[in-house]
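*Asks:* One structure, as structure tokens, below. Some questions next.
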Amino acid sequence: MDSLRLRPSLLAARAPGAASLPPLRRDHFLPPLCSIHRNGKRPVSLSSQRTQGPSFDQCQKFFGWKSSHHRIPHRPTSSSADASGQPLQSSAEAHDSSSIWKPISSSLDAFYRFSRPHTVIGTALSIVSVSLLAVENLSDVSPLFLTGLLEAVVAALFMNIYIVGLNQLFDIEIDKVNKPTLPLASGEYSPATGVALVSAFAAMSFGLGWAVGSQPLFLALFISFILGTAYSINLPFLRWKRSAVVAALCILAVRAVIVQLAFFLHIQTFVFRRPAVFTRPLIFATAFMTFFSVVIALFKDIPDIEGDRIFGIKSFSVRLGQKKVFWICVGLLEMAYCVAILMGATSACLWSKYATVVGHAILAAILWNRSRSIDLTSKTAITSFYMFIWKLFYAEYLLIPLVR
């Protein structure tokens, strides 16, 4: 600012020896504030304005820039601290963290539903349980055994995801009616994404099986691949799920035969390098899971009867009705539990006898009690009971290693 121009009367008031300032009249002019020379040009000055006598507070606001019209809001740039002295996360940081984790969480949730976790858990438990049948003493539980078991479980889970993913790819329209929350049916995954996922998991399964070098393991993966593909893919002479009998046979072959025999032989012959033998517990596991696999094959279509009827899938539930198929499934399972109790009672091992008899009796009682209270007109109740059947499936694989 080059100059500050004041009125002569004010300059006189500032002179030494000046007596006193005359009182300001209400119609007095405010002095021009300033004039600024910029680059040698004409000075720019604020013009004087007429006022009706500003008050002291108004002058203070004017000269001190305290007017609310000129106040610049202050926003803290650093994060504050709470009473304990710990820094609090700013809202911007919280928003950034949320924006990062939300898509990751959504992707994981979609893949979780795509993988059909109840089948993944069943596959893992069955392989671990059957592999333990090859263990003869505690020294067999070695790093070699654990490595062979892990290789088998991972390869089988990859193949499991391929099979359930392929089924969803060819059932998109049906699942929009029966299972609208699945990612392909809901539109979260595009068909191209589904193709990429099932192709990747099939390749990883075969790649791991080939790298391990176990003939029983690779054979189990290959047969599961063939049956799973034929079950779902919509090509001439395939899509075996359209036939209730053939669909049940596919599930029975994988769940009851391949899982029990192939993975037992993988541990017995490839890991332990022992001759192939079919023990009493292995025969029991195969026979019991034959019943259980038939039940799963029949029961899984009960909640899906609406979509199956629309798209021409001739399941037993469509042909016979939900109620009749439901009680057939319950009867088959109760029969299997009775056989298991009788077999446990004939065991020469005392602890095995008690464990198998009491365990299967408890499961049979729970099944009967639950089946009597179900509302067969409610799809939600039927779906919940189907998941209960899978829990019984898991429990059986906890009992199988105790059979001796």
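Keep in mind that glycine also has a Cβ here, set from the backbone N, Cα and C atoms.
The following feature annotations were taken from Swiss-Prot:
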- 1-77: transit peptide (TRANSIT)
- 68-96: region 'Disordered' (REGION)
- 76-92: compositional bias 'Polar residues' (COMPBIAS)
- 119-139: transmembrane segment (TRANSMEM)
- 144-164: transmembrane segment (TRANSMEM)
- 184-204: transmembrane segment (TRANSMEM)
- 216-238: transmembrane segment (TRANSMEM)
- 245-265: transmembrane segment (TRANSMEM)
- 282-302: transmembrane segment (TRANSMEM)
- 325-345: transmembrane segment (TRANSMEM)
- 348-368: transmembrane segment (TRANSMEM)
- 382-402: transmembrane segment (TRANSMEM)
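Each of these features: where is it, how hidden is it, and who are its neighbours?
*Replies:* Only residues 6 or more beyond the boundaries of the transmembrane segment (216-238), in the same chain, are considered here, and those with a CB under 8 A from a CB of the stretch are 151-152, 155-156, 159, 162-163, 166-167, 169-171, 202, 205-206, 209-210, 247, 250, 253-254, 258-259, 262-263, 265-266, 269-270.
Sequence-distant contacts of the transmembrane segment (245-265), counting only residues of its own chain at least 6 positions beyond either end whose CB sits under 8 Å from a CB of the stretch, comprise 123, 126-127, 130-131, 133-134, 152, 156, 216-217, 219-220, 223-224, 227-228, 230-231, 276, 282, 285-286, 289-290, 292-294, 296-298, 315.
With a threshold of 8 Å between CB atoms, the same-chain residues lying at least 6 positions outside the transmembrane segment (325-345) that come near it are 284, 287-288, 291-292, 294-295, 298-299, 301-302, 316-317, 352-353, 355-357, 360-361, 363-364, 367-368, 371, 374, 376, 382, 389, 392, 399, 403.
Within the same chain, residues 118, 121-122, 125-126, 128-130, 132-133, 281, 284-285, 288-289, 292, 295-296, 299-300, 302-303, 322, 326, 329, 333, 340, 351-352, 355-356, 359-360, 363, 366-367, 370-371, 374, 376 sit at least 6 positions outside the transmembrane segment (382-402) and bring their C-beta atoms closer than 8 Å to a C-beta of that stretch.
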*Asks:* List, by number or range, the same-chain residues at least 6 past the transmembrane segment (348-368) whose CB is under 8 A from its CB atoms?
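*Replies:* Same-chain contacts beyond the ends: 330, 333-334, 337-338, 340-341, 392, 395-396, 399, 402-404.
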*Asks:* Where among 119-139, 144-164, 184-204 do we find the most Cβ pairs under 8 Å to the transmembrane segment (282-302)?
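*Replies:* Comparing 119-139, 144-164, 184-204 against the transmembrane segment (282-302), the winner is 119-139.
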